[in-house]
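S.K.: The structure follows.
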Amino acid sequence: MGFRQGAVLASCSFFLGVLFICFFVDYRILHQELTEETIEDGFQFYTTFFNAPPAIKAVLHGFMGVGILGLVAKLHKYDESAIFFDGSSLVGYIFSAAVYLAVSVPSLRTIVTPADVDTRADRIEALRILSAGNTIMMVVLGAILVLQGGQEYARRVEARELAKMEEELKAKGSQASAGKDKKE
């Protein structure tokens, strides 16, 4: 595995780790009865998440950039594998970044620092939307990891088949040269 693939796998795994931590709260919000305790737990969790030190936010956003750069660098090779696997991964990664920027950040702001017009119902709805967005990002990032694993598997199968064909050609070549020696 090279640096480029390592950058993609590390950034996807990092974000999946963060999202799996959030999933403990998200699952209760999305798939269980919405009680006052669940709502308060969600508000408290995401308030802590939103008010994290700037260094943590910088690491989060830095890893986002590393993933995109890794995928663009892998796509630079521009063969069939890169077009299918890396191109699809890049589309998925950009989609996840778009969901983060368009859904997660505004929802977090509505939950933590509501405007004067935001009611408690608006904050609860933002909490549910945030949880759904996190779940969507988890699925997409998981698909990116599957695509990257599939690319590595396809590369190994192709290398094995090429080695097998070379062996067959060498065996045919040695048989043909042995036949010429017998005729002389």
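Cβ atoms here come from the backbone N, Cα and C positions, even for glycine.
For reference, TrEMBL lists these features for the protein:
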- 7-30: transmembrane segment (TRANSMEM)
- 50-72: transmembrane segment (TRANSMEM)
- 84-106: transmembrane segment (TRANSMEM)
- 126-147: transmembrane segment (TRANSMEM)
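If you look at the structure here, what lies around each of the features I listed?
M.R.: Note on the transmembrane segment (84-106): residues 8, 12, 15, 64, 67-68, 71-72, 74-75, 77, 126, 129-130, 133-134, 136-137, 140-141, 143-144, 147-148, 150-151, 154 of its chain, located 6 or more positions outside it, place their CB under 8 angstroms from a CB of the stretch.
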S.K.: Excluding the flanking five residues on each side, which residues at least 6 beyond the ends of the transmembrane segment (7-30) place their CB within less than 8 Å of a CB in that stretch?
M.R.: 1, 38-39, 41-42, 45-46, 49, 60, 63-64, 66-67, 69-71, 73-74, 89, 93, 96, 127-128, 130-132, 134-135, 137-138, 141-142, 144-145, 148
